[in-house]
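Undergrad: A single structure is presented below for examination.
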């Protein structure tokens, strides 16, 4: 693959003079910590989302929860597979010549890096589109966005991400061992061929496109919900819309902060003339920032739930000295008054008219 070089030695000619010197113990420590925290966080988020999906299986929230579960499962496998390969590389002292004779491991690593990088971004944009349709076109959403359609969307997103990841292999272009010798990706050192530039720019453009779609759809959804709130209409079912839009905004902010450095770095490498101007340390920093996206995503669903937000609001209000109204007691007293009115209204005689008025005035 890739000219006259053999597949098993792809990228080694570049690495001889540009190897990035990193502290092995620190790098192994970060890899193990990232993988462990990511697996535990995503596993906890999956349990929470699955329980919520069982409760809302027949409601409009079910499609959102199904997409969110797909996103968290993707993040989980991303940490599990990529983390395991990275730890194996460190444990083998980064001796790619010894365990990567046919370039199979590097190709698998590169495919996983691209797939588990793009797929969460795609799923985040699909979730934003789904919520936008659910808020702006509720009738269409209830009739067309069934669980079967959502599963088809998940499958299509995954297949598209797989196609992008396999594109270099289909074009007989090997994934390259990067300068740090700890991971594989598109060619980022001495990029001169147009096809190598194309892969880098394609990855960056697709990532930015997914973020732009998420921003646009979340903006439309938020404006629509605010209009409904100010008009005091359609109160039923509005609270879970706000909960989901808060989660989507958090996902979008986390994705933008974590992925922007890596996407910008890859785009600059693809655009720059005369080879890459980015250092190995810069690329590694951007990669670690992108890794944090898969760690922070599940905590959006763990922390930004209605029950957790309500408790946090009560704690914050109590610390600030603000009196918090006990909505549960208010609702219970209102129900009791309503039952009293109903009982008196059904009783015969003149007591009906005498007692109904003061009780109704109390309800006002």
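Quick reminder: no glycine exception, Cβ is built from N, Cα and C everywhere.
Curation does not apply to TrEMBL; its annotations are automatic.
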Undergrad: State the residue range annotated as transmembrane segment by TrEMBL; the candidates are 1-25, 26-50.
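TA: Transmembrane segment, as annotated by TrEMBL, spans 26-50.
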Undergrad: Along the domain 'G-protein coupled receptors family 1 profile' (41-301), what average pLDDT does this model show?
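TA: PLDDT averaged over the stretch: 86.
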Undergrad: Please tell me whether the transmembrane segment (246-271) and the transmembrane segment (26-50) touch - that is, whether there are at least 3 C-beta pairs under 8 Å between them, with each pair 6 or more apart in sequence.
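TA: Judged by the Cβ rule, the two regions do not touch, with the required three close pairs absent.
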Undergrad: Please figure out which one of 26-50, 62-90, 102-129, 150-170 racks up the most CB pairs under 8 Å against the transmembrane segment (198-226).
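TA: Checked against 26-50, 62-90, 102-129, 150-170; highest Cβ contact count belongs to 102-129.
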